[in-house]
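As recorded in TrEMBL, the features of this protein are as follows:
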| type | residues | note |
| --- | --- | --- |
| TRANSMEM | 7-27 | transmembrane segment |
| DOMAIN | 27-474 | domain 'Citrate transporter-like' |
| TRANSMEM | 33-52 | transmembrane segment |
| TRANSMEM | 59-79 | transmembrane segment |
| TRANSMEM | 181-204 | transmembrane segment |
| TRANSMEM | 335-366 | transmembrane segment |
| TRANSMEM | 378-396 | transmembrane segment |
| TRANSMEM | 417-435 | transmembrane segment |
| TRANSMEM | 466-488 | transmembrane segment |
| TRANSMEM | 508-526 | transmembrane segment |
Amino acid sequence: MAMEPAVKVALGTAAFGIFWVLAVFPAVPFLPIGRTAGSLLGAMLMVLLNVITADEAYAAVDLPILGLLFGTMVVSVYLERADMFRHLGRALSWRSQGGKDLLLRTCAVSALASALFTNDTCCVVLTEFILKIARQNNLPPKPFLLALASSANIGSAATPIGNPQNLVIAVQSGISFGDFVFGILPATLVGVVVNAAILLCLYWRELSDDKCVDVSSHHDALPAEVVDEDDVTSHRFSPATMSHPRRGRLPDGSVLPDAAGCHAHCSCDDPVKPASVNGDAKAAPDGVGIHQRRGSAARVTTKEEEDEYCCFNSAEEKEAAMDEEWKNRLWKTCVYVITFGMLVALLLGLNMSWSAITAALALIVLDFKDARPCLEKVSYPLLLFFCGMFITVDGFNKTGIPSTFWEFMEPYARIDTPTGVVILALVILLLSNVASNVPTVLLLGARVAASAAAISPAAETNAWLILAWVSTVAGNLSLLGSAANLIVCEQARRSQQFGYTLSFFSHLQFGFPATLIVTGIGLLLIRSN
């Protein structure tokens, strides 16, 4: 593609430059309008400056990608309601064997969750939970925050739904879900292991095993702000909040008494026995209501505990509550089944966008209630950001600058030689950290694939997979490399109870060598089927 006239090139470059500054630095002093508004501003300037026409701008918006992104967001919201992320959080803290074990679990859980629910979602729901576990066990938060962000980025490379740039690649390339997964999965698995090994080497001394305790089995010894197994919250981009204890157990973990063991709110006439403390009988305080016998001793609770954990007034209420619990479990099972069905549809090669949207609508109908609260958790600013970015990047493409750049690099970046693969990877790595990974994929994707298609169809598939792998792992190089990094950094900084600031340079000290090593090893393992 030839270069456009100098005026059009200058105007298009200026519009793209404004978009880039606001996308990478959303809080710039002279125009602190944020990424979404910056993206829309860049798109508007492309049309107003006549770089592209209005019709071309509308045509540049990729609806299949937006549909796939919207569908996966809705499915993630319902999975959060079905306690999927609570179970992931429980897997982190259950029977922890020390700081090193906890770090490895963080890497594994983060990688798995990001591959299925996108890396941004994983970081949103797990950041504060992991930060609290580290703080309560006297462990440094830094290695765990780095493990969460970096493993989320690496794990998200494994599937087309793991991150936004993979969505773009999957739709533009036409590679099936199964071919994508099996082509890049070996690199992802080895990458997660290598990344974890680098973290252990860097922070071995700080992760002393005698500092960490089993969070799940030491609730009584923890302060009031403990990490409960329910302490993983919503899909929204806001700090996680503490959840209430589950009804059915007392704060000390003992089981609630049945209707025959209550005192204040039940029909039993058995008086409350004195509390036994250290073997001495003491009078129960005022307001005591619930008690349990453990041999000859009585379990006494306060009025506040009674109000929260009181028994049912009648057998009918107990039966109704049990019926409600059964319906809730059935609903959660259906959510998991529908999500699994969506993954099967993707593996079978069905249209990815409509498979995700169908699963989302099935969950909405199955819930059988107003869907507005769940739909409000969808990140609509992200969808608008993509719309503006599609238009802005398309306008920049029409200036001819990306084509000219690729024509210069193409002879050196052919994937049929090891040197060419290395040069291509370095170009993608650099652009992903300068222009961000999604714009890089939009700018280079079709050109890299066309160059590889001249070699063979298998080479074309390999080129798309290399682009997916390198552009995703490139997000680990610096704190600004991916949205997942920024989410972890901001949520950790804003945490009221356990705040921690992850600086740009402290991230770079780990990110730069780890990214180069993981990227290089992954390139050796990527093969198309």
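Cβ atoms are placed via backbone N, Cα and C, with glycine included.
Sequence-distant contacts of the transmembrane segment (33-52) (same chain, at least 6 residues past either end, Cβ-Cβ under 8 Å): 8, 11-12, 14-16, 18-19, 21-23, 26-27, 60, 381-382, 384-392, 394-396, 398-399.
The stretches the transmembrane segment (7-27) and the transmembrane segment (378-396) meet in space: the count of Cβ pairs below 8 angstroms, excluding pairs fewer than 6 apart in sequence, reaches at least three.
Tertiary neighbourhood of the transmembrane segment (335-366): same-chain residues 63-65, 67-68, 70-72, 74-75, 78-79, 81-82, 84, 116, 160-161, 170-171, 176-178, 181, 374-375, selected by CB-CB distance under 8 Å and a gap of 6+ residues from either end.
Ranked by Cβ pairs under 8 Å to the transmembrane segment (59-79), the stretches 181-204, 378-396, 417-435, 466-488 are led by 378-396. Mean predicted confidence for the domain 'Citrate transporter-like' (27-474): the pLDDT average there is 77.
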